[in-house]
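Asks: Could you have a look at this structure, given as structure tokens, before my questions?
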Amino acid sequence: MSAKAAEGYEQIEVDVVAVWKEGYVYENRGSTSVDQKITITKGMKNVNSETRTVTATHSIGSTISTGDAFEIGSVEVSYSHSHEESQVSMTETEVYESKVIEHTITIPPTSKFTRWQLNADVGGADIEYMYLIDEVTPIGGTQSIPQVITSRAKIIVGRQIILGKTEIRIKHAERKEYMTVVSRKSWPAATLGHSKLFKFVLYEDWGGFRIKTLNTMYSGYEYAYSSDQGGIYFDQGTDNPKQRWAINKSLPLRHGDVVTFMNKYFTRSGLCYDDGPATNVYCLDKREDKWILEVVG
């Protein structure tokens with residue numbers, strides 16, 4: 001497991017899609033051999049040079065949803081060809097290096113050359129030429145097509161946030177400051193600060209999500225709600241409908257997710273930064289700032 005896994009991330013193994021397909025085909029119908037120069041790119045297409053993070057364009061089982069961010073640790077595929085079973089794998093370096101390979105092959109007369117390429121799809125990340133098999137057959141002859149048996153990938157994702165249990169920090173995506181709790185008007189209230197000591201737990205019930213502080217200075221006053229003026233305070237009990245929030249991401253939530261919180265009572269108002277007289281976390285009309293969820297520990 002990478003060092004990154006200790007910082008709120010974990011490595012998990014998932015089933016992925018892998019297929020063999022014709023990467024290059026040439027029929028030499030002449031009476032002499034023919035040389036052909038072939039150029040291939042092995043590894044991931046469209047690699048971001050600044051980060052190895054991939055954004056899923058489709059789900060991976062129940063683990064990764066569309067839009068989730070992850071990194072690829074390795075890919076492993078077992079396959080059968082010519083009545084034999086084999087296994088091939090790509091390391092993290094091989095996946096991301098996008099290596100260009102050039103070489104020349106010689107095709108005998110009256111023969112068909114087929115290059116079978118093994119491609120893998122990991123949440124929309126297209127990994128080409130994991131492996132290749134070159135086959136020469138008579139033109140019109142029977143080919144031995146390789147078949148995938150199993151295909152798995154190790155991916156690095158944010159640790160899952162278990163509702164009602166996992167302690168998190170909530171960070172303003174633009175300002176890079178954390179939600180903290182201070183006393184205002186003899187109530188615990190939310191404001192931004194640089195301290196990482198303030199922890200929260202997310203809950204979900206019939207009315208939406210609730211945000212519980214673990215750092216209230218008034219016993220029992222712990223669920224974030226929007227006042228009529230838009231200030232964010234922490235309330236007793238769970239009956240107040242202004243405590244309910246909608247999160248713009250499907251479950252499961254994970255470390256590093258960037259989300260918005262829209263109030264379920266003031267339905268057009270979202271959790272946001274605003275430079276108020278004493279605190280600066282508000283729920284305001286037609287506002288929905290982005291917040292980063294960070295797993296604690």
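Keep in mind that glycine also has a Cβ here, set from the backbone N, Cα and C atoms.
For reference, Swiss-Prot lists these features for the protein:
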type: REGION; residues: 10-33; note: region 'N-terminal cap domain'
type: SITE; residues: TRP20; note: site 'Crucial for binding sphingomyelin and inducing hemolysis'
type: REGION; residues: 34-107; note: region 'Beta-hairpin domain'
type: REGION; residues: 108-156; note: region 'N-terminal cap domain'
type: REGION; residues: 157-297; note: region 'C-terminal receptor-binding domain'
type: BINDING; residues: LYS185, SER227, TYR233, TYR282; note: N-(acyl)-sphingosylphosphocholine binding site
type: SITE; residues: PHE209; note: site 'Important for activity'
type: SITE; residues: TRP245; note: site 'Crucial for binding sphingomyelin and inducing hemolysis'
type: DISULFID; residues: CYS272-CYS283; note: disulfide bond
type: SITE; residues: TRP291; note: site 'Crucial for binding sphingomyelin and inducing hemolysis'
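I'd like to know what surrounds each of these features in this structure.
Replies: Beyond the ends of the region 'N-terminal cap domain' (10-33), by six or more residues, the same chain brings 1-2, 40, 60-61, 63-64, 73, 75, 77, 79, 106-123, 129-130, 132-133, 139, 145-148, 150-160 to within a C-beta distance below 8 angstroms of the stretch.
Under the DSSP three-state reduction, TRP20 (site 'Crucial for binding sphingomyelin and inducing hemolysis') is assigned to strand. All protein chains considered, the CB of TRP20 (site 'Crucial for binding sphingomyelin and inducing hemolysis') has 20 other CB atoms within 10 Å.
DSSP labels the residues of the region 'N-terminal cap domain' (108-156) in these numbers: 0 helix, 36 strand, 13 coil.
Under DSSP, residues within the region 'C-terminal receptor-binding domain' (157-297) fall into helix, strand and coil as 3 helix, 69 strand, 69 coil.
When other Cβ atoms within 10 Å of the Cβ of SER227 (N-(acyl)-sphingosylphosphocholine binding site) are tallied across all protein chains shown, the result is 16.
Around the Cβ of PHE209 (site 'Important for activity'), the number of neighbouring Cβ atoms within 10 Å comes to 20.
Long-range Cβ contacts of TRP245 (site 'Crucial for binding sphingomyelin and inducing hemolysis') within its own chain (separation 6+, distance under 8 Å): GLY208, PHE209, ARG210, ILE211, ALA224, PHE261, MET262, ASN263, LYS264, LEU271.
Taking a C-beta cut-off of under 8 angstroms and a sequence separation of 6 or more, CYS272 (disulfide bond) has the following same-chain neighbours: VAL281, TYR282, CYS283, LEU284, ARG287, GLU288, ASP289.
Cβ neighbour count for TRP291 (site 'Crucial for binding sphingomyelin and inducing hemolysis'): 25 (other Cβ atoms within 10 Å of its Cβ, all protein chains included).
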Asks: Drop a 10 Å sphere on every Cβ of the recorded positions LYS185, TYR233, CYS283 and tell me which sphere holds the fewest other Cβ atoms.
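Replies: Selected from the recorded positions LYS185, TYR233, CYS283 on minimum Cβ neighbours within 10 Å: LYS185.
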Asks: Over the span of the region 'Beta-hairpin domain' (34-107), count residues by DSSP class, listing helix, strand and coil in order.
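Replies: Residue counts in helix, strand and coil order: 6 helix, 45 strand, 23 coil.
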Asks: Over the residue list LYS185, SER227, TYR233, TYR282, recorded for N-(acyl)-sphingosylphosphocholine, what is the maximum interresidue Cα distance in Å?
Replies: 15
Asks: Where TRP291 (site 'Crucial for binding sphingomyelin and inducing hemolysis') and TYR233 (N-(acyl)-sphingosylphosphocholine binding site) are concerned, what is their Cα separation in Å, rounded?
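Replies: Between the Cα atoms of TRP291 (site 'Crucial for binding sphingomyelin and inducing hemolysis') and TYR233 (N-(acyl)-sphingosylphosphocholine binding site), the distance comes to 18 Å.
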